[in-house]
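Engineer: I have a structure here, written as structure tokens, and I will follow up with some questions on it.
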Amino acid sequence: MIAAPLVALALAGIAAAVPAAPPQPTATNPQCSFWQGVRDRFINEIFLGVCAQDVHSMVRISFHDAIGFSLHSDKGGGADGSMIKFQDVELKFPANEGVDFIVSFLQPFADDVGISYGDAIMFGTAVGMSLCPGAPRLPAFVGRPDATRPAPDKTVPEPQDELSTIFARMADAGFSPTELVHLLASHSMASQAGVDPSPPLLGAPFDSTPFDFDSQVFLEVMLRANSFPAGGSGANLGEDMSPLPGEFRLLSDRLFARDSRTSCAWQENALNQTAMASNFAAAFKKLSLLGQDVTKLTDCSELIGTPPPAKNAQAFFPAGTSHDLIEQACATQLFPTTLSTVAGRATPIPVVQLQDCPTCPTFKRRA
């Protein structure tokens, strides 16, 4: 998740067929009863019951909104919904290119339901991720007050930034390089919008399984690259070559996978789906509470359903690749030779498609 650029937690979404949402938990805490209805409306009206583009756009805005925070100076109020409340300011920042797409859904939805924009972002993200195969159950705290000021520009790292610059910005918000890698598990469902402006590459995915929250992106970023995606204008600022036709790679991701400060955490995510999901959940909880007094919030995590299991328990080498292409960087553990390899020749990975929100025009905005 880093910018329009980095996290490209992107405009283009996932239009794969996904089973209908399973039955959802019932509130036992009376303070969460109202939120049970909000959850159901998110599932039915925003996400349409599937893990698709709108879920990923929610994950993206959750990072971009919350990272407007600093332990040492005023860089915004953290997870407060300022990106919606002050959209006339924050959506003009280059790093937030494309976030207006989900804001156009979320603002009228939140107004119609009667919740703060910060809660709409963070609670909605937890609900949406519960629809995604392989994802963890995310914590869901509610009761955030409305934002009182916009976050300034340059709080969201971009893929062309030096790693030291990215690590410094994340440390200023309270996150270590390893925690940043844990947050980047969101790239397992991501696709690009804005790094390469070419229309054919809108929605070019970051890995070969863009419909699942799995370890594949971490493995594939470790592979030696050979070309830019066909139909694009690469090399673009913040873009790197990729190993598979149709796959898009961010420059920052390649560097994270090969830098001594992050390479072992990156490799761990490539090799352990369970740890990847668990680590993301912990990092997301921390992100979702930035700038908030947790004693004034209500924990309604009981309302978040259990996501479907991962389709692949372990990452694999896609057709046309092999262990020989791994660019080993972690100095303490060799990449194992036991992962399976799909037979055959590499085939182009198609772009993922936009997801509409047919009910959104009926939402009422606040007067």
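Along the chain as shown, residues are numbered 1 onward.
Placed from the backbone N, Cα and C atoms, the Cβ positions cover glycine too.
Here the structure is a predicted model, which means the values were calculated and not measured.
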Engineer: For CYS264, which disulfide partner does TrEMBL record out of CYS330, CYS357?
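Structural biologist: It is CYS330, per the disulfide annotation in TrEMBL.
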Engineer: CYS51 pairs with which of CYS32, CYS132 in a disulfide, per TrEMBL?
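Structural biologist: Matching partner in the record: CYS132.
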Engineer: Ten-angstrom check, please: count other Cβ atoms within 10 Å of the Cβ of CYS132 (disulfide bond), all chains counted.
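Structural biologist: Result for CYS132 (disulfide bond): 26 neighbouring Cβ atoms inside 10 Å.
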Engineer: For the recorded Ca(2+) 2 site, enumerate neighbouring residues of the same chain (Cβ within 8 Å of the Cβ centroid of SER188, ASP207, THR209, ASP214, site residues themselves excluded), in sequence order.
Structural biologist: MET189, PHE206, SER208, PRO210, ASP212, PHE213, SER215, GLN216, VAL217, ALA315
Engineer: List nothing but the one residue from CYS32, CYS51, CYS264, CYS300, CYS330 whose Cβ has the fewest other Cβ atoms within 10 Å; the candidates are the disulfide-bonded residues.
Structural biologist: CYS264
Engineer: Could you round the CA separation between CYS300 (disulfide bond) and ASP214 (Ca(2+) 2 binding site) to a whole angstrom and send it over?
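Structural biologist: So the Cα of ASP214 (Ca(2+) 2 binding site) lies 26 Å away from that of CYS300 (disulfide bond).
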Engineer: Could you state the whole-number distance in Å separating the C-alpha atoms of CYS330 (disulfide bond) and ASP214 (Ca(2+) 2 binding site)?
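Structural biologist: Here the two Cα atoms lie 20 Å apart.
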